[in-house]
Each structure stands twice: as structure tokens, then as C-alpha cells.
Amino acid sequence: MKNNWEQLLNDNIQSLEDLKSKGVPVNEPNEIASIINRHPMNIPQYYFELIDSQDKNDPIRKMSVPDELELQTEGQDDTSGEQENTVLPGLQHKYKETALVLTTNKCYMYCRHCFRKRMVGYTQKEIMERMKEAIDYISHHKEISNVLLSGGDSFTLSNDIIKEYLENLTKIEHLDFIRFGTRVPVVFPMRISLDKELLEILQYYNKKKRIIVVTQFNHPNELNEKSIESIEALRSINIDVLNQTVLLKDINDDADTLSSLLKGLITNRIVPYYVFQCRPVKHVKNNFQVSFLKGIDVINETRSRLNGPSKNFKYALSHPRGKIEILGKEENKVFFKFHQSKDLSDANKIFSVDVLDKHSWLDNELNPIS
């Protein structure tokens, strides 16, 4: 028997015909159908109802409904070196202390700005198949202090599989905490708030090892009664919720929107953790990426409107060589610092780069690229 929340997924918007039936005007329908065939669309009715269907520039629409710009192939498939850091199918070990598990390629809502567009909703090729091998690897690598269960979306896993991961991971003595990477609180919060069994599983294992949920609110319109209810359900069982916003063109790349979002997060006991530079991913880059110079201006103005913990986030890019914080600029010179590095030789390194208005990323030699 399905849970109540599972039945709600039957109403997901997944096709061009679904969009038309909902009264959403679609330009270039043949192109959109082609995009959906390669990069699926999947929008829960809950999230769809946040869209102003007559506004083509509605921020929720831009994050969930395909756009013809997705046909453009400029950019890269893997912008942070995930494949070269894969030690087993579905298991990455880029940073000494962290193991990252790609638990699934599924999401309840396929974000149009997804940085794993090469595989999410499309192929099982990089997904964890043999959990025991991953657990054995983590157990034998005592330098690993934490595990990130990602995907896809780790909260699309069945409760039984979530329980199996936690049962195995909480037995590993050298792990300090376990993170779930999920947009479920944002796009389909009923998965949490209506599932007593899931909450009981999380509560039980949270007493054995600290569990942290890392989510992604990108716009103030995503903070509402239902999404906040799911956060409160997690907080009620002593699970901390961190947020990683992505800076997205025409969605949150202005100080009014971003400061409103960050204030809303703190108000609702969600910790602003990172604001990430959007990655130059194929089928994403031209639609969503913001330049360094504009991004710094937006972040500076946003921080000027915030106080205390709401301004403690780091503005950073997730790069093949590590997480690189974007510190600020003097005219066209941008200053960076390695917040977390793959190689010890880069640890805590501060450097500067002269950039142009078009630059929005760094290559592997840390030169600016557009």
C-alpha cells in the first residue's frame, strides 16, 4: 500500500502535453519535446502550483520547465572532476575526509540547472549498485570522517534503502556524521512531513551518528507553509538543515531576492551554508550562469543587508581542484581562496585573477574562462 505522499506523485507534470493541459504556454514545442526526451521533466503538482503559469520568466518555472536554451552544448559534462575521483561505481573520494555516494539518478523534480545533467534522470552508469563494496571501502579508509548520500536525490530512495545505508554507516566508528543531499524539502516536502516512518528512521539513527540534511532553496517563493513544515519536522527530531543556494541568472542574481531568501532561511532555522557559482555545464551554462564580477556585486550588496549568521555563508565554486571561495574584487582583479582542496599543495592558497565581464569560471590552471 502506498503512503499518501506517494499517491501525490501520480500528478507530476512530465510531458509537453501535461504542460499544455495546465495552460502553460510553450514556445518551440518540438525543441522542448526533444529536450524532455534527453533531460526529463518531472514537476510535482505542489511545486508546479508555485509557478505563475503566464509569466515565462517566473523563477520557479525557470528552475523546473525546460527552455530551448538547453539545446546549447557549450560547456562541460563534468565540471568538478567527479569521474576522476570515482573509486567504485557510485562512490567518489575527492577530499580525504569525505566519501560521496551517488545513491540514485532519480529526483522528484529535475532541476533545469542540474550540474549532474550528464546522468540524472538519464543513466544508471555512475550510480551505486553494490552497497556492501562502498561500505567496505569507507570502513577501511579511516581518514574518512563523513559521508554524503547524494544522487539524484537521496530522499527519493525507499525507506528500507535509507535504513540500510544508515544501519551500515552508523556502525563505522571513524565516521562523525552523515549528510543527505536532497531538494525534497523544497520541491516535494510532503515526502518528509507525511512520512512518519521516514522520520522515525532518521530519529533512531541520528542518536547513533549525527545526521545532517543539506538542501537547496534558491528563491524566497520556495519558502512557504508546506516547505517550512518539512523543515520543522526534521528539526523536531534534532536534525540540522543546511542550505546550499546556487546563484542563478534571472532567478536570484539580485540583492533584493537573495537577501530575502537568506533572511527567510535563518528565520526558519535553516543555516545558509554556501552560495555556489553556477557551473558551466552543457545545456545549463548559457541559461543560468552569472559572471564573477556581477556575482561579487550581488553578494556584496546582499551581505550589506544581512546580520549575524545570515551572512556567514561562503560564496564559492566547486572546482576539480577543490571548493574555492570567491573573496571579492578590486576593479577587475578577483581574489580567491581554497576553502577545501583535493591536493594538500593547494590548501588555504589565496590567489588573484584578472577577469573580464564575460568570465564566470576557472580552468584547471586557475585561468578565467567564460
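Each position is counted from 1, following the chain as shown.
Cβ coordinates are placed from backbone N, Cα and C, and glycine is handled just like the others.
Copied over from TrEMBL:
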COMPBIAS  69-81  compositional bias 'Acidic residues'
REGION    69-89  region 'Disordered'
DOMAIN    93-309  domain 'Radical SAM core'
BINDING   Cys107, Cys111, Cys114  [4Fe-4S] cluster binding site
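Assigned with DSSP, the residues of the region 'Disordered' (69-89) fall into helix, strand and coil as follows: 6 helix, 4 strand, 11 coil.
Long-range C-beta contacts of Cys107 ([4Fe-4S] cluster binding site), restricted to its own chain and to partners at least six residues apart, with a cutoff below 8 Å, comprise Asn42, Cys114, Val120, Gly121, Gly151, Gly152, Asp153, Thr156, Arg183, Val187. Apart from Cys107, Cys111, Cys114, the [4Fe-4S] cluster site neighbourhood in this chain, defined by C-beta within 8 angstroms of the site C-beta centre, holds Met109, Tyr110, Arg112, His113, Arg116, Lys117, Val120, Gly121, Asp153, Arg183. Listed in sequence order, Met63, Ser64, Arg183 are the same-chain residues six or more apart from Cys111 ([4Fe-4S] cluster binding site) with CB atoms under 8 A from its CB.
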